């Protein structure tokens, strides 16, 4: 196939068009290519640090690296330790926000949390002194609010999040890592402190069950392929990778994608936006999802060693390579 | 198929495709349509407040409203008081950043300023106590740094900015509003305070001439059509509206667009990103530019009454309508 | 020489010596005089506001005013509703600090809390983000630390505080107001939040029993005369009003008095220091103690309506009058 | 006994009484004793650091140590390098505050500056973002305000400060160190920044002449004995060491002494208050004055190597020894 012909063909199908527009030299996504990207970035392995503020997290396999790309029509590419399981951690904040908005409407939810980007750390609490609400639902303080807003008694908030993740991934085997949950509950003094400060601000009405739900949602265990399906879901107006559109909702996907770009990588979001430019959300378990609404691709990476912002260090590096090579930054023409 | 022909074809389809994708009922952009949008939003006129911290700005015609949309191949639509002149104010920060990056490279510039989004006001200085650099080049503190980094003695920094704006608009009649400049210089105690704090942090090496350059760049007078040409320039990899590509540079446009989305509307950027989703930059003179890299459209609005964040209140409203009706948010599929 | 005669003699000399130095026109302290001071200040009754963030506190008799002055050798003057009972609240922080220092030594205690004055509110938590320890043991955050440092399991920390207050006042009928305690425990979200943030900073090692101890110590019920005995105790090197010197310790009294002057009236301490100049400590129950080491007088006032700093509004006014008229500010020659 | 005779008696006994009360073993102040205190503390010489943020200050003789104690009736003790000259720096803030209060009354002055103690550094500016005024007139921000409030055109504010210092010390040879002044003016970017932020807050009405006056007052050159006379002046209701009472004013001395205790040693004031307990004011030139209203003693120390708070390190140590040995903390009974 000659380049010009290939170009014309690809234009007609949105799928590869992004590679052509971006690069002129088309990159063919393949498992081999993803393996190369992993290899290219594996030298960073020793620069990050596995989260150890939750003792159970410190047990993660710090050498693991994986990447999975899921495109329209079920196209999937994967490489590395993609069968390795890990906890979703803050990536669950997207699901909690989604359900809270379904329960209350976006306006009511954002009376209790802001839309702000920030230069502050993911677990900052000082702003609760000066601001009427947490800055955004991607940082811990805001996520405590959205989780507590999910309707339901006791652990129902958590069960609804778990159920939604199982739906999105179409994987009913997904469940909590009980050891991680108990470890978070035992040592999560900072989150517990914020939880009560938020009660003091009358932004949370529930008791500590709601805090437990937060710890539980963070402790849901998943693999990289599951994660790519979550990324795909938000890249495609909340349509499932297999086309099921029970939850299709472009307003929610736009909300989530804009929050991912604004705050999904915490205080690194601004720099990430410039370097990678794809709406993304990280978790301290080492996962990152990147959801590209332009092409509909959902990308997931995993590597538990974190940078100083609490994001997977190699995960960001791999996404930077993918973004540059595929030309899928939102800011590229 | 020769490249140029192929491009023409793509342009022809891309343009309508975004309207179709977005709405199912395609909206035809037209002067009439823009007039309607202005009319729809004119009821907000009394809710904003013309900036009065600079006395000369308080003299602006608070009733003026205009909008101008400039698309590929010179397509242009405009409505309202688009011949009204006003000062660019903070929109000039984009030009200053562009030239500073040309002079020093992005890395050197961002050693002195951050990439951060924020919940802080455009003229906040307290973060200079705790952070090594200003948060981003869109807020005043960061813009003082980038302007001071532009190479050249005396008012050369300013002259280079003026010259670049004249180039981008292809309009050599553009010049400073001397009364606004003198008013800003006379009353700009807060900017002057920050300027010296930045010298104290060794982020600015120059003397008060560099501060004057900042006041001067803000005082450059322009109309809505000129502004749309600036928006177009950044939406199109720094290619001029007439196709001239002397400064073409996709790296710089990506940097600027990502900063516009992250911080261009100050502490309103996160909410703006969710509601409008187009990289934008406002000025307290009442102008806003919105640059859409997906479609290559450059949009400019003008209405001097500001909201509490320092952004044109009606300007934001008009852009929200345009974004929704045309479906050009970056977060829309 | 019979005690009563001796007392009268000592009073006559002690009293006039300090008044003469201060004023040249000696003021004779008497019950009548105190009644006049109360009357003079009763017009402020409607300017303050009874604490209502703890529901049970809102039930206080907002009209009550009392004052009690206890001098060397048992001289005592009192006026107003001095039999009215109220909870000590933050005045208990002095006792907790005293016992923590006895248990660990001052140096160890002040590794976990600072000596700082402040412009911040009594219940501020944002400084826990940026400072290694709470600012001082007079604000809530610091007091949570000192209470938790008191050695003992379960409620022993509280029991030791209660026992010490009973000792100082020689009043074994003093006990907790259970309704206030339960109300504080139920609604003290902010203190609970800080407690867990302090655990997160590894400044508190204990579980929520220690927080309950804090709520309990605040809920100890007392009257104005008891309070004057506490003031006397600290004004006299931890010697009891009846001369018992079991706990005599000038180092601890100097520590407490310096902390009272620096931070005992929270962010009002600096202004209070200028206007009144006597080491003092307030509680949101409406009590204030003032301990003057120069003359050895202990003063207590009570009036539950608070000013914006959380101090008894009329209490401060009465103390200002007493300080001025008796000339007992530490800053007077 | 007639009042005047009584006073005389009290005065005569007061002097030795404080040593007796404090120590049981009375300490006889003497030059020899002061020499011993210097020697005892000289080992700290290498722990401090001469201020170098103003280049001219870095030239100070870092080995110099001196102490001077001036008591009632002209009693004077001195030791060490008491003829060494140095600039008063922030000690001049007391004089500026005094004159501003004379010009406007205390109430008007404290509408533009607070009475607060603090945990913040002497040159902190972030609080100007959140607080209506600088925290107190002892920190740089507040002192810029008080100096600018002194009535007079051009350098008159400075001239009045110089004149007052010459009066208090009865030493007309005192003058500015021009090299230090020019160095401060050249490099004082942080103070210049705050000056303009204060203009922005409308707390300063004057132009940069007032800032120059601040730099000039800091550059007044003095020796330890002069400094002890300033300390004496404030310890004795603004009466001069030789009994001249042209400016006698107990309200002003009480204001100044309370501010010295609250904020005179910056963020070290709380700890200093506990350890030393004498109203004091330091300058980055290495001087500290301590004024004891109880005994009427004025103490000055000098040693240019500073601790992390910007106070003379050995100066504080010497004052701690003197306070402990003489028992003159305000918090001692």
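Cβ coordinates are placed from backbone N, Cα and C, and glycine is handled just like the others.
Among the candidates C:90, C:323, C:329, the residue that TrEMBL annotates alongside C:140, C:184, C:191, C:214, C:266, C:284 as binding substrate is C:90. The candidate set comprises the binding-site residues C:90, C:191. Of these, C:90 has the most other Cβ atoms within 10 Å.
In sequence order, C:54, C:56, C:191, C:215, C:218, C:219 are the residues near residue C:184 (substrate binding site), counting only same-chain partners six or more apart with C-beta under 8 A. A sphere of 10 angstroms centred on the C-beta of residue C:140 (substrate binding site) encloses 24 other C-beta atoms. Listed in sequence order, C:51, C:54, C:57, C:89, C:90, C:306, C:310 are the same-chain residues at least 6 apart in sequence whose CB falls under 8 Å from the CB of residue C:284 (substrate binding site). Those binding-site residues from the list C:90, C:184, C:214 that have a Cβ under 8 Å from chain A Cβ atoms: none.
Listed binding-site residues C:140, C:191, C:266 compared with chain B at a CB cut-off under 8 A give none as close ones. The maximal spread of the substrate binding site, taken as the longest Cα to Cα distance among C:90, C:140, C:184, C:191, C:214, C:266, C:284, is 20 Å. In this view, residue C:214 (substrate binding site) is surrounded by 28 other Cβ atoms within 10 Å of its Cβ, with every protein chain counted.
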